[in-house]
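Features as listed in Swiss-Prot:
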- Ser2: N-acetylserine (MOD_RES)
- 12-21: motif 'Nuclear export signal' (MOTIF)
- 81-90: region 'Interaction with VACV protein K7' (REGION)
- 88-123: region 'Involved in binding to RNA G-quadruplex' (REGION)
- Tyr104: phosphotyrosine (MOD_RES)
- 180-208: motif 'Q motif' (MOTIF)
- 347-350: motif 'DEAD box' (MOTIF)
- 536-661: region 'Interaction with NXF1' (REGION)
- 623-634: compositional bias 'Gly residues' (COMPBIAS)
Amino acid sequence: MSHVAVENALGLDQQFAGLDLNSSDNQSGGSTASKGRYIPPHLRNREATKGFYDKDSSGWSSSKDKDAYSSFGSRSDSRGKSSFFSDRGSGSRGRFDDRGRSDYDGIGSRGDRSGFGKFERGGNSRWCDKSDEDDWSKPLPPSERLEQELFSGGNTGINFEKYDDIPVEATGNNCPPHIESFSDVEMGEIIMGNIELTRYTRPTPVQKHAIPIIKEKRDLMACAQTGSGKTAAFLLPILSQIYSDGPGEALRAMKENGRYGRRKQYPISLVLAPTRELAVQIYEEARKFSYRSRVRPCVVYGGADIGQQIRDLERGCHLLVATPGRLVDMMERGKIGLDFCKYLVLDEADRMLDMGFEPQIRRIVEQDTMPPKGVRHTMMFSATFPKEIQMLARDFLDEYIFLAVGRVGSTSENITQKVVWVEESDKRSFLLDLLNATGKDSLTLVFVETKKGADSLEDFLYHEGYACTSIHGDRSQRDREEALHQFRSGKSPILVATAVAARGLDISNVKHVINFDLPSDIEEYVHRIGRTGRVGNLGLATSFFNERNINITKDLLDLLVEAKQEVPSWLENMAYEHHYKGSSRGRSKSSRFSGGFGARDYRQSSGASSSSFSSSRASSSRSGGGGHGSSRGFGGGGYGGFYNSDGYGGNYNSQGVDWWGN
């Protein structure tokens, strides 16, 4: 045993001697500069210039690649080559390698194709490869796979001619002139190429006015409904400016803040949305318009794994889409800093306040490090802007321009609206008749009021042999995304939904919206029927009405008259008997749909004319300049106290089937 121990000891001595920790005369080309320096075995007997240990960068580096990662202190692989180019590197080979960037947010079922090398370690490829030195306005090489993924959906069947009749108002000092074509304003090579890939032929009304306003760096409050193209209206000019200006101080602050995944991210643009579905939708649009650029969009929202979202942020974030609650969480965790946020967008602003997000919004905008108004550029978009919310906008916007765009669908008559008296007990059988008449392959969206009602109706339709699915707030994020995927793809052409899907979801080719249960306020009705007839396409909206819905009689009547829709005689009689009390139909001073707009600029006096851009359709027999200026606020049911529920049972079933227009 002792003999073996002696041999082992000798063997170890020989091995340590081979390491030669104290002498490097025979290594590194005999350089005296390296005397006393430990040389790893795999780098011995090489020239000094091949590799060295840099005390300043705290890591092994190669001289030729030192510039690429000097700020990161990264180490090279065994060939002296930066790990940026290694299969196991912490960053991708570039933004458009063969793995692409398919799933930055980790949502959906494609999470295995992340696009950041085989082993993701929080690498930040677009922010570290000299991205502060490169020209951000120049497009990166194309990726056929990513291009197919982002743009294969296409925009088919768009009826832009219908948009010509939509009225538009712009009020404010020195309003920039609107454009007629995307080429009328300089947005750069990247944006114009992506516009061509999305097959946008010409801007929608809200884009015609909003794009030049934002390009002029003016604050904007736009009253425009979802489906009008408002998402692109703010993404296009914001991204164009980022490409033109570059990352600026945000990149330097990110590098100085920490190393690798511990870095706080400083987005250049922030978009706030009320729901996770709308946030994901905006993020997907941002991915399209940031294709072939160095801008990396990210999305964070509640109801999903925060760890995955943090890992996604750690790879870099220039444009952030977020729900208010989750963003506050990220800020308190030290993952997001708003010090260099140049562009702030509040999408569906009325909905966010309605959902109680005002404290979080004020926390984000006013009580943190976000630049003040006048320094940052702020945009608010929504389908309606009551006077109370316009007054609130004074705290966020500086010398803003108010843009009111007529409601897409109702004003342009793209959506045929039908209101049918159906007793509560007859709704299911009537729904089956509608589904049979619509056709099996047509996408049909059925709205109900409660989560329990959604599950019950889905179960009923399933047992009746219909391919259907449902979505509501109690479903997990994965279940909701899967339901939307099944619906969009046509595998389940019937989607039963609560109000969670009514706001902002961009589901193309929905042919029929059915209000199985009418909402309690007219704004929710406008959003629901806006799921069909989107972006100029034609659609049909059918609503089941009975004594439970008397509270919206007046507003529903006003909306149908304005949109030049057929008004059932029983609805006129009901509105006359229970609310108007002798005043002529449609002349209520409190009409919230005055002139075809969801709201008007409260800064304009009630007698002043503020219409700079309008069509003949904007004129109306109804008067009143308040738009949605009543003091009722949100929640609906404002007129519920004026009505009782008796006297209407079954007296209006004589409509037959000709309501469908056949």
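One-based numbering along the chain as shown.
Cβ atoms are placed via backbone N, Cα and C, with glycine included.
Since we're looking at a predicted model, the values are computed, not measured.
Taken as a whole, the motif 'Q motif' (180-208) shows an average pLDDT of 92 in this prediction.
Secondary structure counts, DSSP: the motif 'Q motif' (180-208) has 17 helix, 0 strand, 12 coil. Across the motif 'DEAD box' (347-350), the DSSP tally of helix, strand and coil residues reads 2 helix, 1 strand, 1 coil.
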